[in-house]
Ligand SMILES: CCC(=O)NCCS(=O)(=O)O
């Protein structure tokens with residue numbers, strides 16, 4: 001056996017089995033039974049400026065307007081056409097207050113999906129976890145191609161694997177703070193060569209570490225299954241992989257069931273999002289929360305209650321309660337009662353919010 005694999009010693013790789021049966025938060029390893037209700041896809045600090053969409057003619061004034069009541073509905077409908085709205089990292093006090101409310105509402109854990117490319121800030125995540133008592137699991141790896149640096153694009157799959165494994169086993173971004181999940185790993189549609197390399201590296205890292213993976217698919221109904229194919233060919237464990245953003249990706253129920261058969265977790269993570277025109281694909285009608293709950297009920301009826309996870313994927317300022325948004329507690333305060341009123345049992349709700357995230361986040 002060689003002394004080093006992808007830059008790591010055999011001992012280091014062997015040492016990774018210390019993670020087995022545990023969940024890795026920004027404050028260290030945890031017993032999975034301590035996680036509680038878990039939002040599997042959120043952002044607490046990030047920069048989404050690269051996604052700025054120039055305002056439509058006639059909307060220029062709204063695009064520059066301050067965060068005042070008069071402009072909040074416009075911001076909800078056009079969240080990506082207001083530069084300052086994309087700078088979530090500026091709202092740490094508001095996010096801290098919201099996490100305290102999340103805990104009071106019965107929340108336990110947040111998976112923070114910010115990866116390289118959209119300004120991950122691990123020291124801030126660690127401080128937020130200390131200040132609020134909410135468990136925070138940080139994400140390793142890379143976001144979509146548009147955010148890859150020239151250096152990232154030039155890296156081999158082995159070099160990318162090495163970086164990702166190090167982010168979990170030793171710490172990321174020059175810190176000793178360790179990530180506990182790979183993702184959100186970003187892909188567009190079609191998937192680019194650089195994104196395919198990252199997917200393969202993710203699969204290699206996952207097979208070394210036995211860790212959870214979470215994927216951001218491109219906005220096309222065939223994207224999720226194509227991603228699963230690439231991951232599987234590279235040795236990834238689809239049963240420990242979450243496919244995010246299904247609410248804006250697969251609409252046809254037969255296509256959804258075909259995808260569900262592939263065995264990943266099925267994530268509905270845009271709860272709270274309401275917009276008429278989805279600017280990243282104008283052909284898509286973004287569902288509302290009632291429709292999201294209907295889809296959850298459909299998947300449960302079809303036997304997939306063990307594979308569903310949910311979240312809000314907050315990534316813009318207007319969605320914070322400080323600005324009249326729904327905040328990180330919307331699912332606990334409003335969506336759970338709606339689920340119960342639509343025939344989803346408390347046991348099934350607990351599976352979705354507690355048991356499934358726990359299974360997913362626990363290292364093999
Ligand atoms: C960084 C947050 C993110 O990627 N969210 C997904 C937004 S969308 O693709 O569903 O519009």
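Cβ from N, Cα, C; glycine included.
A 10 Å cutoff on Cβ-Cβ distances gives residue 43 (divalent metal cation 1 binding site) a total of 26 other Cβ atoms nearby, all chains included. Residues annotated as divalent metal cation 1 binding site in TrEMBL: 41, 43, 184, 313.
Under the heading divalent metal cation 2 binding site, TrEMBL lists 184, 216, 245. Within 10 Å of the Cβ of residue 245 (divalent metal cation 2 binding site) there are 21 other Cβ atoms, across all protein chains.
The Cβ neighbour count for residue 41 (divalent metal cation 1 binding site), using a 10 Å radius and every protein chain shown, is 28.
Between the C-alpha atoms of residue 216 (divalent metal cation 2 binding site) and residue 41 (divalent metal cation 1 binding site), the distance comes to 10 Å. The number of other Cβ atoms within 10 Å of the Cβ belonging to residue 313 (divalent metal cation 1 binding site), over all protein chains shown, comes to 25. Listed binding-site residues: 184, 216. The one with the lowest count of other Cβ atoms within 10 Å of its Cβ is 216.
Excluding the listed site residues 41, 43, 184, 313, the same chain places 42, 111, 112, 113, 114, 214, 216, 244, 269, 311, 314, 315 with Cβ atoms within 8 Å of the centre of the divalent metal cation 1 site Cβ atoms.
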